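*Asks:* Here you go, one structure.
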Amino acid sequence: MAIMMVVIGFSQAFQDMGISNAIIQRQSITHTQLSSLYWLNIASGVVLSLIVLAISPFVADFYDEPRITGLMAILSSVFVLVAIGNQYRVLCQKELDFRTMETINVVAAIAALAVAITLAIQGVGVLTLVVAMLTQAGLASALFLWVGLRCYHKPSLVYKHSELSGFYGFGLYQMAEQSINYISTNSDKLLIGKLVGLNAAGFYSLAWQLIIFPVSKINPIVNKVAFPVYSKVQDDPATLNRYYSFNIKFLSIVTMPLLAFLAFFSHEVVYVVFGEGWSKTADLVPALAMIGIIRALGNPGGAIILSQGRADVGFWWNLGWAVCIVTALTGSMLVLPSAQTAVYVLLCLYLTVGMIWHVLIAKIGKVEYGPIAKHFLKLFVVVMSIGWLGALLTNLIDPSHAFLRILVGGLICALFYGLYLYLFEKPIFRMLKRTS
């Protein structure tokens, strides 16, 4: 199932030819354009399903697992199912109708869970996960279609290629960017596995999963809201700058203390989550936590650049970044083959080359980075100091078990961090209350 999900995950970059974000970014779209884009989305879903269906025997042969052919053939239909309601999901996002989106997603997830439990009880095996995934995708798509036909528009049987010239350029850059980003995001694990060994790749992968967990849960929520909001005020630099500054400061307040805590209590957290024998994973967590902080603060920049219609910038940046990562990791691990080498090389890249991304955000999004940088540095010093103090006091108290150390350290850090928020970060929470 994991192998199939990698193939499906990569293929999703081509799901709608990158058009979805173009719909959100455009201030006004005609009915003819929406209708043409709808049928283009359906066509791309069909083509993608056929491609995955065609390559499934080769994937099965490569991994010497004949069952993959049939399972991928069934799973390939997910692209057609998603395409049916995808445009209406995007229109809900464009109009900031997140209540409808979340209601549909929750209903679909519950239905998929019910199907999975039923099939698992009957002993269906791995097919359970495939059917559950198709159930979730199909039901969500059907509900978005129902909402969209009632609230937005009914697509006409028309396709005008000439109406979509501006969408194609934006979409192709988006599609290429997502593909490159998917490869570069996983290149570190692939290179460590090849140049150091699968065991080292396993230790690294688990450490990275710990770091990325809080970021992956928080950032997408913020970006899903931020992109349509930025697009609506794309011609108002002052408002755009105010919204972006607020988003970065809010993300900093939420993600930095979590990652700082992981850095100072890495061995305890790894022991509780994964058990004994993973000390090498814990050794990698502190440096990866620093990378996680930098990534969490750089990730929202993509939304503001897209809101200005500059999908080309994201593509060229991700292409250059991927080349830097692959070149630096390959060269360094040929000399010093270890997971630690990869981690510290990545940290150096984020602290040097990665800063170019923030320059692009400031220039294209017309963002005033001075106040943002000042707030970030202040908060970084605060959370690191609190993390160090929490670890020091926990060592003095010396709880007997790792879980108790996490509990004691967490309470100490939460107490000091809560005091800091109360004394120094009231403006952020007042603004959050006004915008909610």
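Yeah, the Cβs are placed from backbone N, Cα and C, and that goes for glycine too.
This is the feature table in TrEMBL:
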TRANSMEM  37-59  transmembrane segment
TRANSMEM  71-91  transmembrane segment
TRANSMEM  103-121  transmembrane segment
TRANSMEM  127-149  transmembrane segment
TRANSMEM  250-274  transmembrane segment
TRANSMEM  286-306  transmembrane segment
TRANSMEM  315-336  transmembrane segment
TRANSMEM  342-364  transmembrane segment
TRANSMEM  376-397  transmembrane segment
TRANSMEM  403-424  transmembrane segment
*Asks:* To the transmembrane segment (250-274), which of 71-91, 315-336, 342-364, 403-424 is linked by the most Cβ pairs under 8 Å?
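*Replies:* Between the stretches 71-91, 315-336, 342-364, 403-424, 403-424 has the largest tally.
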*Asks:* Are there residues at least six beyond either end of the transmembrane segment (403-424) with Cβ under 8 Å to its Cβ atoms? List them, or say none.
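*Replies:* Residues packing against the transmembrane segment (403-424) from afar: 253, 257, 261, 264-265, 268-269, 272, 382-383, 386-387, 389-391, 393-394, 397.
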*Asks:* With Cβ distances under 8 Å as the criterion, find the stretch in 71-91, 103-121, 127-149, 286-306, 376-397 that has the most pairs with the transmembrane segment (342-364).
*Replies:* 286-306
*Asks:* Counting only CB pairs under 8 A, let me know which of 127-149, 286-306, 315-336, 376-397 has the most with the transmembrane segment (103-121).
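*Replies:* The stretch with the most close Cβ contacts to the transmembrane segment (103-121) is 127-149.
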*Asks:* Restricting to the same chain and to residues at least six past its boundaries, which positions have a Cβ under 8 Å from a Cβ of the transmembrane segment (71-91)?
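*Replies:* Residues packing against the transmembrane segment (71-91) from afar: 1, 4, 7-8, 11, 15-16, 20, 23-24, 34, 37-38, 41-42, 44-46, 48-50, 52-53, 55-56, 59-60, 101, 126-127, 130-131, 133-134, 137-138, 140-145, 147-149, 152, 155.
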